[in-house]
Amino acid sequence: MLRGRSLSVTSLGGLPVWEAERLPVEDLLLFEVSWEVTNKVGGICTVIQTKAKTTADEWGENYFLIGPYFEHNMKTQVEQCEPTNDAVRKAVDAMNKHGCQVHFGRWLIEGSPYVVLFDISSSAWNLDRWKGDFWEACGVGIPHHDREANDMLIFGSLTAWFLKEVTDHADGKHVIAQFHEWQAGTGLILSRARKLPIATVFTTHATLLGRYLCAANIDFYNQLDKFDIDKEAGERQIYHRYCMERASVHCAHVFTTVSEITAIEAEHMLKRKPDVVTPNGLNVKKFSAVHEFQNLHAMYKARIQDFVRGHFYGHLDFDLEKTLFLFIAGRYEFSNKGADIFLESLSRLNFLLRMHKSNVTVVVFFIMPAKTNNFNVETLKGQAVRKQLWDTVHCLKEKFGKKLYDGLLRGEIPDMNSILDRDDLTIMKRAIFSTQRQSLPPVTTHNMIDDSTDPILSTIRRIGLFNNRADRVKVILHPEFLSSTSPLLPMDYEEFVRGCHLGVFPSYYEPWGYTPAECTVMGIPSVTTNLSGFGCFVQEHVADPTAYGIYIVDRRFRSPDDSCNQLTQFLYGFCKQSRRQRIIQRNRTERLSDLLDWRYLGRYYQHARHLTLSRAFPDKFHLEPTSPPTTDGFKYPRPSSVPPSPSGSQASSPQCSDAEDEEDEDERYDEEEEAERDRLNIKSPFSLNHFPKGKKKLHGEYKN
């Protein structure tokens, strides 16, 4: 979104319309450059993958992605083909003739965009020469021992070389190149230093130094204007990377960030105010299960319940129908991802549930990849015991059913004692004995390499959440990404999320936050913070986020202890909801997915391209300055109906409502009517100038 200007999601009612002149894409070439093209490392791959269809629909054959070549990724994700564009074909051929290995094909994702992949290893012999070129271009030296930075220099040099070959054969077509993150920034710096006729955009999804500082328990956001940036980068031995990032920012015609909170950070860390904020979206169609997401929730919840039965065998004294599944997922950044405050809140939640003698049990999953040796033997044994018991029950059921069937055919009601013989009783007793357990259920599914120093396990030991019988909160650390081929929890991430009740992401540093956004489009409530880009985005668009299943923890203006208490209250309030209240909340959450669709948020990228063309080629392209529409904007309103039983949604609800809610059935609730009201109300994006100044924290408050 343009700074100080309200762009809109025009297909939603109640929004001011931004009339943008369509770009002549048939006379343009668009390249997006990222280290995560066909190479998933973090969230940038999700951004590019989900946005690909929208961009490909707009640009057609003139849209290309540039990334690194890895043999495994090429075999499984890319279909090789010949370039149809003459300029691109000549550029690929020219580089291959000079000894580079350039691969071209279609990425096998929705939209099937073209990809150009460079083999870094085949060009490594040029490293010393390219280091000299880079030093002459911007005065930044790259240490020999930093292999990642050296790889980025090779990648950037190949990118700049390729773009030069393209512009030499473009036949009058103008070229736009968008570079994502500092890893791709070297190509931008070299392209500008060589004065290539290219309109450039640089997008930062997070600042290098910001991530480091936040991980050090520093009151980051309230001291942004006080940091000695060069000193901080030097102390962390990332000064050369910081210089590469900052040079990329200042060389670009247009600088964009993914959220307002990151825009503030970038202005202080990188010394340039972003021109456009480009919020991250999702391909909502990918996640939509038309009117069936409630049924999918029930189906995948049953699979999680199966895992829990095995994991807690011998201690399964809680009702699985009154058990809530919570989870946190992401990179293993203990403080940045909010795992520290989450664990402390779970300890307090456990105390509240026990004190109030609640019959609700909470099982919490930590899906955060870490270094492991192998699977935990106790965890594997639990799943084996569960499967064996299931097979035993099926065998007895068939035998019991046959005897019952024969008796009824004879016109007799069989004696129950005669149906089960001595062997059957012996089998059942052996099954019961097999479920006996002397030890507590493990808190981790794998054997950790650094068990004694692992932050999550160390905190679990401190707060005492060991999965005791008396605990109402149970904890399971799954230090590996989910996979449908896992012998423990054979589910993909999307299936797992749909089966859970609440995603909890109380991050301290989260430039955007895809995990709560993915929960939203799948109709799963989530917890986020006002320090995440997604949390700020929702606060500005939704009048009562909590009613729509998005709980926003204040981590900017409250002390860590107060934030922890607020999160505890959110979790405790969620535990007190009835089943039908949760069904209503999931319906409302799913409706917010309209806000996150790339079909709407993609227009901010469109504007960035307009802007960079007008700056790079002012004689050919002109962007008329437009003042903000005369409107105060709209918000998704507070829901007008409060009853906990949605009569209109019961057809798609897989479960019956709790008996204690029957007295509310006479209150009218029309799901479709409320949904239509909600879709007609939305607030336009806010201006950076209205962001409030934070409250100072006392020294040491962040060291929980």
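A Cβ is built for glycine as well, from the same backbone N, Cα and C atoms used for every other residue.
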Phosphoserine per Swiss-Prot (candidates: Ser486, Ser684): Ser684
Candidate annotated as phosphoserine in Swiss-Prot, where the set is Ser11, Ser418, Ser484: Ser11
Residue pair Glu510 (UDP-alpha-D-glucose binding site), Glu292 (alpha-D-glucose 6-phosphate binding site) - Cα distance, angstrom, rounded: 31
Binding-site residues (Gln294, Thr515), the one with most neighbouring Cβ atoms at 10 Å: Thr515
Sparsest-packed of the listed binding-site residues (Glu292, Glu510) - C-beta count within 10 angstroms: Glu292
Spatial neighbours of His501 (alpha-D-glucose 6-phosphate binding site) that are distant in sequence (at least 6 apart) but have CB under 8 A: Lys301, Leu324, Phe325, Leu326, Ile524, Pro525, Phe574, Arg582
For Gly513 (UDP-alpha-D-glucose binding site), nearby residues of its own chain (Cβ under 8 Å, 6 or more apart in sequence): Phe505, Ser507, Thr528, Ser532, Gly533, Phe534, Gly535
Proximal but sequence-remote residues of the same chain as Arg586 (alpha-D-glucose 6-phosphate binding site) (Cβ under 8 Å, at least 6 apart): Phe293, Gln294, His297, Gly523, Ile524, Pro525, Gly549
Structural state of Glu292 (alpha-D-glucose 6-phosphate binding site), classified by DSSP into three states: coil
Rounded inter-Cα distance in Å - Glu292 (alpha-D-glucose 6-phosphate binding site), Arg331 (UDP binding site): 30
Largest CA-to-CA spread of UDP-alpha-D-glucose binders His205, Arg211, Arg331, Glu510, Trp512, Gly513, angstrom: 15
